[in-house]
């Protein structure tokens, strides 16, 4: 039963993230720089499903690590690398959405393909900097005793890796999402004010806006803000999706990283039962399966693209 559930999770992760990649590649509407980070995250989640989960499943089913020390080191390094890349991608997506909402006009000019590809490169470089030190022998290296394969328990590396891979990105995401929420509320209030103004006579509307405008600022007529409002509406929807993604990320990964920090400092006084280890690890992996489901559930463009890709309907994919 357990093997069936975990195998299903792997298949769902592979199918879902493949759909995300194909949708952005094939759908004209989604083929824009803002989605490069989403594709990068989907690639990281695909690697988790194809390179990490199968070995984790073997370990769970056998109840021990039977593949030797070299493969143990490789498995842990790839695990840390791919999971960290998924998390850092999400952090960068939060930064991108915050800038798009707080500086909608100026940031759109700078959000070019080149800039987004540079951000993607930074994500993978950071992930390598967090995963490679354990492979190169920081501290005593990963622990292998012929039965168990455990990530490096050196206290310095634990603090370094958990801060870089989870706690700092989580803090950044929470702060930025709070700022996004405040900005969205402010824009909504401003939008309600404009709606009231547009129902007045043109002369009264311009007088009201002029009275509300700060000294020295230019007066924007009601209909002049329409393109900006449409752009912000898209960003609000993206922010809602981001909120769900961030929430799922914290729920899935927090238990694992709490245990990861506690274990090296407890020694033998607080042994974690293997079943708890397994549950927290696979709960973290489940995040890679949830991300595509959230995009498909909350984003109309992704949902339509998923449907078109599944039905092999390229015409529907690029309908105007």
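Backbone N, Cα and C atoms are what each Cβ position is placed from, and that goes for glycine too.
Predicted automatically and left uncurated, TrEMBL annotations should be read as such.
On a predicted model such as this, the values are computed, not experimentally measured, just so you know.
Taken straight from TrEMBL:
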TRANSMEM  6-27  transmembrane segment
DOMAIN    16-295  domain 'G-protein coupled receptors family 1 profile'
TRANSMEM  34-54  transmembrane segment
TRANSMEM  74-95  transmembrane segment
TRANSMEM  115-138  transmembrane segment
TRANSMEM  158-178  transmembrane segment
TRANSMEM  238-262  transmembrane segment
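Residues of the same chain lying 6 or more positions beyond the ends of the transmembrane segment (115-138) and with a Cβ under 8 Å from any Cβ of it are 33-34, 36-37, 40, 44, 73-74, 76-78, 80-82, 84-85, 88-89, 92, 96, 151-152, 154, 156-157, 160-161, 164-165.
Mean model confidence of the domain 'G-protein coupled receptors family 1 profile' (16-295) amounts to 83 (pLDDT, 0 to 100 scale).
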